[in-house]
């Protein structure tokens, strides 16, 4: 592309073409822009490399590389010659064009002239652009390589005088003035405009006007570069600009007034001078100086003339030439070389003074007229002089850097702040003499250039984006305001391009060129630049990174006003002379001044002199050139590719020939075949040996690397293990210290609180041993009275004393916090106007940790008088304990065993507070939904003076109730509308925001195990309620783990029990492992400390210690064997369980295992539990029937109705036939009257004429031969009897026939015709009355056969086969007519036939009148009908098969045992509570109870609250109810069922606390009978092991609460052991010993990727019995639903998910599976048994299974009998 760009300039100028004229501001001129057509492109003259191939071939001895290099050199030389020729041709053409367009003629008269205005030159067009671009030249000189001389740039006087008056001014008569000072070109342009107007007289060619202050454009604004794009328009524009520049330069040079010595007219800036010196090599370019990157310009902006360039000297070329020729006179600013300092006569720019003069002015403090660059140029030399003087005084040592160089002065110029102060003094002092050059144009330019750096802008227009420009606030309020660039508004930016030069000079301030002075800006108040807040981080104007900056928006507004004021001031200055300028003569000059004041139209062109249309044209030209370039590239690429392809082929041929020549020269004429035969054998052996050596080396190094890796890994592993062991030892020691600290702190707190509230005395009872507390003196606490600060607590140190002091202080803080909280609550109650409680016994202030012996000050409470009951001794102690809790302001847990009266004790506490402390509320009681009514009844019964408000029901009802208790600022007294609010847990969570608005005196949580999960929303919501004290009532404080105990303890004392991790570190792991039979490290002293910590907060008594009159509780386990059907299904499940998969699942389901695997395992457990309960839970033996094509209506319960139920009309065919109307109503039926019918004609026509069954017709036809009624004579019937029989119904015919046969049998003669008698059917035959003669005492044969048939299975209804696979009712016609429906019903349902078949109705059987009437209608038919009286074999087979009810009992062993047990209990007068885990099992039991006709009640999670209350009341009051069916979770909480004396658990819970609560519903206070508890357990199944696991959990509770010591309790370590019975375990152990005797070692099973998990094939439908043991979240949701009556417990949530367990699939283990070659099935079983034994024994962790082969999925299909097929 570079060659193509250079080549474009060598072509002759093409023909130009006009385009659309652009808008011009002058109304009389039309402006045409020229655009260049597409230039023709010559193909490049590349020399193909193939042209040199011939010469290469002719010189075989010459190196091809040398030839190719020579070829490339020749090509490069030819290309350079061509470029030089093109450049010379271009320069010649440009000289001719410039000569043809002189400014004297064409510039003035051309109507298409481009408006003149000064704009900065683009960077891309300047000398700093790409140097390969050919620049225009003039007079044979290139501006880049050879700068023009001053004579070429500065016009002569003759050229100046030839400048015409501006054509935009009207002509005026101006007398010639003395030529003292030439006018600026702007004034000349205005005069020329007036001279061209038709009415104006001829004006002299030159008008000399002098302005006091003005600004000039830069002389170096050439628009050069890419002239072939813009063509003639750009050429004329450039010619005009060059002429204007010459005129301005000459005029400015002649305006030098009072110049200083050696002061140049237009000095260079410091940057330009340094740049020239760097080019000339005078100074070295520093390498460590970071230069700021300039902003890159867009090519489109450059071509459109919208790019700006940094300012430069107006005559940069001339000054560059002068600098080059006279460098010794006009030296450049730059760094000082201490070894070779600059001459004092060197000129300093931009001031133009010598270095000596500048230094003298700076030292004298007179820096007027100097800029920052001037001061910077000499500051180093001044600093060195000063340091040299100091060094002379100190011994001649200059300050140097570390590298030995002389240190320079850093920072800005020394006199810069002085300059700012002097400028201010200069501007503010009236009458002070101005600068010597202030009155001249050149002086103005020089001053403006000097002030440009001083008034540099605050914002840098080319600064990096995002870089913050630091600014400095002016020190004095009257300081000089900064100048801003680009501050013109849109009006000034779009002024006409042909406006006078004065306006252009005024607009100069708004561009990125030279910025001069502005009196308007100087006279603005200092407020125009608002002061910054931080002076230390701001910079003064002109000290920024860029030379010119851009002002902010507020500053732009000020500059706009300043520019307008400056314009008016500048114009006004032309009206009269001043002291520093030559005056203008009177007369016409005044008119000129008036014209100068004229306001011109706004500018509408681009600021650079390019209009919008011209910019569009330029943009189109750019696009055309780009398209042309790309088209040339696309055209030339294939050709160049072919050229280089040919060159490549030629080079390949040369290389090939050269190789062939080398081969020929190397071997010569020797016989190559002989050498090959001799070397073949050697090469073959050498190759083999080399391969073997390489293989051995590779093997050696592989082994070596492997050994190194193994050794390195071993060393790293050992180092890691050592580091881990050390870290574990440190962490163990640290945790031990932390545990000791926490225990000490809690012990001190518990010790004091326990003595205050007397927990020990409350627990003491007859027959109960209470351990003496260890005396602990307060001297051990070591808390100083002075309160000196203790050292920081560090658990890594061994300072036990410091730990104990911190623990004591922490306990004291906790006590103080409890005291402050209670006091604050009481103060808030008093502040609301509540009555002061009688706090005679309250000693909150005495709660001092330093005085622990306050036992004598504790409160002794008697029974309240308002309590309408007599408390027992242990209950009164419990009331005293609760009262002391309130007195001390702490919370507690009343954990008495279920049935000891926790409710009455809490009620008595509320009565005590109301009676002794005058605290009538508000109290909040939260209980499960099933006990809400019980609480309401107990409060109304025992404390009628306390008003209880039940808060439950619909949202609307609760909103009404809230109006009662949620009043603001209400006080509570005996007359208050309520005292106690009773609600459930679910409603408390829902209405939390309302309950938080009240401050409750006491909050009582009944059955507090409902908040055992600290992560539940219920726990968090209740913890946030505002209450003074909390009391938790629970019979089982320990549920599943110690985590639940921590949740309760944190709820009552969050200050101490604030971290569950710490609590678990204390006790959880040790106690749980100890109760599980695993060796734990729970020490007796730790257990003792745990009891001591829990004792003050928890009061627990058991029944055997405190209630002597309460009857005993006997628990009996009833072990049953599975039925045949259960055994088959259980065996089928076991066969599909692999022991290997069992162990793998156990290994994967650790605490951090996969939850999906855990869910699969638990689901498999639930399948086994279903089998043990009842096989119908898998698939119910449903009613079986053929496919019926029809619809059925709703019917009753088929199981209850029995086999005699028959609904013939319940079925209806899906096909319906619509009868046309004409067939029934419009004459179709002869017996239906109508308008067009023939009613009455049926008697004549149908009954007589068309009836063949009339007696006359029969009699007539019997006389004819071959007549159809010939049989009448044979059967012995008369024509009348035959006619009557034909017209009678079928049933009447059958009855008459049966009666005739009976008479004939009884009265007729004997006929010896065996064949005829055998062929007669015996259906519906009436038993014979003829006596059968038999031997006396013998049974007749008929009776024997009947009895055998009745006792056989084939006689049963369920054994009779169904003949059809599909049946369909009859298709009934349909007509929309009432009479049609009545007739149809009368025909289908004949009363006579119905009565004969089914007999009389049950209500008419004993009615003599109905019996007599029935005998007349149907003689010899029993009153019960033919079907009930006939044998079962004669009745029609029913298509509906209903399973017998007895099968429901027989198929389940547990239900069969329950059936016999209930018979015994019913006979003994007992009443039974029957508990279940599954609601579907409760449905089956309901059918059984209905079958046995036992009266029962059912309560589960779906029972509403109101029904629960009614059911409990009915059970307690109605002794006729024998069985109460309950779910363990819904019916085992807080209800009193003491009317029962027997409890039966059909299946038991994972959680032993749930079963304990359930059985205590009957064994509680008020029970006078002995309570017997039965558990139905299937022997040898998973249920037996689940029961053992639950009892192991019960031991945790006993260990924690102190009723049992640490001991080994039998518990399986893994759930896997649940699936193996004792026999299998013993057999596995024997096989393991046998395998070990043969040398077998059990393999290590390593997990490999994703295995087929245990129970993957099962349908994850654990709705039946997922009681939440493994899923705490599901259990919590189930509890919530049960409590609120929102649905059944967790097992009911699975309804509808899985229809039957017959579709459950299981993985089938592969037949070919062995972990070791030659290992058989017995060895595998022995190995698995050995591993399982080690797991159960706790000596080894369970091993994972290797990845088994793919398994098939099989489906268990159950047959009609319920057994697997």
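Heads up, the Cβ atoms here are built off N, Cα and C, so glycines get one too.
Swiss-Prot has this to say about the protein:
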- 1-66: region 'Disordered' (REGION)
- 17-29: compositional bias 'Polar residues' (COMPBIAS)
- 101-113: compositional bias 'Basic and acidic residues' (COMPBIAS)
- 101-200: region 'Disordered' (REGION)
- 161-173: compositional bias 'Basic and acidic residues' (COMPBIAS)
- 175-186: compositional bias 'Pro residues' (COMPBIAS)
- 303-342: region 'Disordered' (REGION)
- 304-318: compositional bias 'Low complexity' (COMPBIAS)
- 390-446: region 'Disordered' (REGION)
- 407-419: compositional bias 'Basic residues' (COMPBIAS)
- 420-429: compositional bias 'Basic and acidic residues' (COMPBIAS)
- 458-588: region 'Disordered' (REGION)
- 552-563: compositional bias 'Basic and acidic residues' (COMPBIAS)
- 629-759: domain 'DBINO' (DOMAIN)
- 702-745: coiled coil (COILED)
- 883-1055: domain 'Helicase ATP-binding' (DOMAIN)
- 896, 897, 898, 899, 900, 901, 902, 903: ATP binding site (BINDING)
- 1006-1009: motif 'DEAQ box' (MOTIF)
- 1457-1607: domain 'Helicase C-terminal' (DOMAIN)
- 1680-1700: region 'Disordered' (REGION)
- 1740-1765: region 'Disordered' (REGION)
Quiz item: Taking the center of the Cβ atoms of 896, 897, 898, 899, 900, 901, 902, 903 at the recorded ATP site, which other residues in this chain have a Cβ no more than 8 Å from that point?
Solution: 1035, 1564, 1565
Quiz item: So which residues does the motif 'DEAQ box' (1006-1009) touch in its own chain, when a touch means Cβ under 8 Å and the partner is 6 or more beyond its ends?
Solution: 893, 902-903, 925-928, 931, 935, 1032-1034, 1036-1037, 1039, 1044, 1048, 1051, 1533-1534, 1553
Quiz item: Cβ distance under 8 Å to residue 901 (ATP binding site), same chain, sequence separation 6 or more: which residues?
Solution: 872, 875, 1565
Quiz item: In this structure, which of the binding-site residues 898, 900 has the fewest other Cβ atoms within 10 Å of its Cβ?
Solution: 898
Exercise. Pick out which of the binding-site residues 896, 902 has the most other Cβ atoms within 10 Å of its own Cβ.
Key: 902
Self-check item: Counts by DSSP class (helix H/G/I, strand E/B, coil) across the motif 'DEAQ box' (1006-1009)
Solution: 2 helix, 1 strand, 1 coil
Practice problem: Restricting to the same chain and to sequence separations of six or more, state which residues have a Cβ under 8 Å from that of residue 903 (ATP binding site). | Solution: 934, 935, 938, 1006, 1033
Quiz item: Near residue 897 (ATP binding site), how many other Cβ atoms are within 10 Å of its Cβ?
Solution: 22
Self-check item: residue 899 (ATP binding site): tally of other CB atoms within 10 A of its CB
Solution: 24
